[in-house]
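Colleague: Attaching a single structure in structure tokens format; questions to follow.
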Amino acid sequence: MENRIENIKKQLHSQSYKLTPQREATVRVLLEHEQDHLSAEDVYLLVKEKAPEIGLATVYRTLELLTELKVVDKINFGDGVSRYDLRKEGAEHFHHHLVCVECGSVTEIEEDLLGDVEKVVEKQFEFDVKDHRLTFHGVCKSCQN
Ligand SMILES: [Zn+2]
Ligand SMILES: [Zn+2]
Ligand SMILES: [Zn+2]
């Protein structure tokens with residue numbers, strides 16, 4: 001955890017931003033809930049437990065800044081809610097998600113798996129792929145039983 005925070009701090013510094021205590025509280029919540037795909041509101045309620053003086057606008061601005069710096073990715077699973085998801089350390093592209101239409105559970109796939117697809121796209125469309133979003137909607141293993 002401290003290691004990840006240290007790296008995120010460096011990422012901010014390299015773009016001339018400081019990891020203020022409020023930003024750090026936000027980053028800690030994201031790290032503690034890495035599997036949870038929290039909305040801005042969720043993050044705010046959790047950060048408030050650590051830093052009661054913090055406002056929703058500050059948390060929102062921090063999330064936008066972290067998105068801009070590619071520390072987090074903003075994702076929408078089709079329910080109209082923006083969720084914030086930490087980028088895996090060293091990952092070039094955003095990870096993929098399996099969303100269960102029965103129970104709403106979200107599973108992550110960390111491997112990129114899209115190398116061949118990206119090559120085809122780059123060649124066929126002369127498109128320089130920078131990133132991608134891939135969400136599978138289906139029925140998870142436990143809901144199949
Ligand atoms: Zn995720
Ligand atoms: Zn990729
Ligand atoms: Zn399910």
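Note: Cβ is positioned from N, Cα and C throughout, glycine not excepted.
Here's the feature list from TrEMBL:
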type    : residues                       : note
BINDING : Cys100, Cys103, Cys140, Cys143 : Zn(2+) binding site
BINDING : His132                         : Fe cation binding site
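Surface or core, plus neighbours and distances: that's what I need for these features.
Modeller: Remark: Cys143 (Zn(2+) binding site) has Cys100, Glu102, Cys103 as non-local neighbours, by Cβ distance under 8 Å and separation of at least 6 in sequence.
Counting only residues at least six positions away in the same chain, the Cβ atoms of His93, Phe94, Leu114, Glu118 sit under 8 Å from the Cβ of His132 (Fe cation binding site).
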Colleague: Would you mind checking how many other C-beta atoms are within 10 angstroms of the C-beta on Cys103 (Zn(2+) binding site)?
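Modeller: Summing over all protein chains shown, Cys103 (Zn(2+) binding site) has 11 other Cβ atoms within 10 Å.
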Colleague: Starting from the Cβ centroid of Cys100, Cys103, Cys140, Cys143, which together make up the recorded Zn(2+) site, report each further residue of the same chain whose Cβ lies within 8 Å of that point, ordered by sequence.
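Modeller: Neighbours found: Val101, Glu102, Gly104, Ser105, Val139, Lys141, Ser142, Gln144.
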Colleague: By the DSSP assignment reduced to helix, strand and coil, which category contains Cys100 (Zn(2+) binding site)?
Modeller: strand
Colleague: In three-state terms from DSSP, label Cys143 (Zn(2+) binding site) for me.
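Modeller: For Cys143 (Zn(2+) binding site) - judged by DSSP and reduced to three states - the answer is helix.
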